[in-house]
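Accompanying notes for the structure given below.
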């Protein structure tokens, strides 16, 4: 049984790793040219982003139905390997539970005749059991310590990986990805902030958990569709989600605030020279840091108490159209009093908009 768990776990693990998520073809454009207005353009891949696809900085490609980039498989979880990745998250805890049961029963049976209870103490005899025939593997102190350590690892893996499996099943049963769940939350915030009265309906939820489940798990192991075109529910069309993404992108530009760098920053994760609080409150995320030179202009979109996230304003022609986005210390920048594009105070502009 343990061998069976091991084979299935490794098969799905390496499938998720080597099959990959599937990438949007380089230079891809929709069949109808007028549909380009509903899509975002990726300057790195030189193609339009297909519905449900996102660009991964680690893979340096646009990934079809991207859920997240997983460092444990050194690849993205997406359209082609979502089922294998989720099965790995299910089988690993099951195998660890089986191993934990073996460890517990082994320690119990081996220690049962070795523990003597006194009025004031408990004595454990870790010598080999005096019985005939002798055990094939003597259960000594080192075996007990190794079994206890392995039990801790098995239980820790069961809890940690089991929680990831629950998170994945929640998004699969609604036919979403982790990124799309975040997009839906931002859509609700945008509608509430501007009081537009519109209603955002997630277009890929088939209305049934079983139908959503079959979008990822199939008997053949090959997911449905081609990763570019997706079935949508009634009342929505193929570009409902991408249109919402464009609205959120425009809203981000409106809410962004211009800052100017007043100190140099090398782009290290935990800068020592920027203060103790900045050092210990560095964002716990895989998102990059951007190096700053005094005088650089940055459009900040979000931030923490001691850190901010934004995009450096660069000359698109000189930089090849590549954007530099990431975190930087708040103390390295100061807010510009006027927006150079409109010559109006930034605060007043945001309030009026």
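Placed from the backbone N, Cα and C atoms, the Cβ positions cover glycine too.
Listed in TrEMBL for this protein:
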type: TRANSMEM; residues: 6-24; note: transmembrane segment
type: TRANSMEM; residues: 87-108; note: transmembrane segment
type: TRANSMEM; residues: 136-167; note: transmembrane segment
type: DOMAIN; residues: 254-338; note: domain 'SH3'
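Away from its own ends, the transmembrane segment (87-108) comes close to residues 1-2, 5-6, 8-9, 12-13, 16, 139, 144, 147-148, 150-151, 154-155, 157-158, 161-162, 164-165, 168 of its chain (Cβ-Cβ under 8 Å, at least six residues beyond either end). If you average pLDDT over the domain 'SH3' (254-338) in this model, you get 85.
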